[in-house]
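Data first, discussion second: the structure below is written as structure tokens.
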Amino acid sequence: MDKKTIYFICTGNSCRSQMAEGWGKEILGEGWNVYSAGIETHGVNPKAIEAMKEVDIDISNHTSDLIDNDILKQSDLVVTLCSDADNNCPILPPNVKKEHWGFDDPAGKEWSEFQRVRDEIKLAIEKFKLR
């Protein structure tokens, strides 16, 4: 069976999409290639790294990347995680499905916001896996 590809996209590839990539690799397992990117690059937020470390997922080696058109075109599913990414997502080929899963941006907010958004992303990916 060929691996499917899921591509998580948000504005800066700093918090939400980084956490989604970490959870995606953990939850979806070997059957999926999991990537993340941003409309811009803001660097991986240290609090996102810490939030994921708290649940034993290491994203410290992740980099903040711009959308890669090759990955985009080969994706089975592109998931936008904020309205900016949803509105500015490049045109997708007809074979690529797109979904919007909106999450609040925890950047610049209290630690508890990082934990809440992290946990909401986990639940969304768990629900997706059950489809």
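Positions of Cβ are set from backbone N, Cα and C atoms, glycine also.
Cross-referencing N13, N88, N95 against the K(+) binding annotation in Swiss-Prot, which names S36, T63, D65, picks out N13. Only C10, of the recorded positions C10, T63, D65, have a C-alpha within 10 angstroms of the C-alpha of C89 (active site, nucleophile). Cα to Cα, N13 (K(+) binding site) and C82 (active site, nucleophile) are separated by 11 Å. A gap of 13 Å separates the Cα atoms of S36 (K(+) binding site) and C82 (active site, nucleophile).
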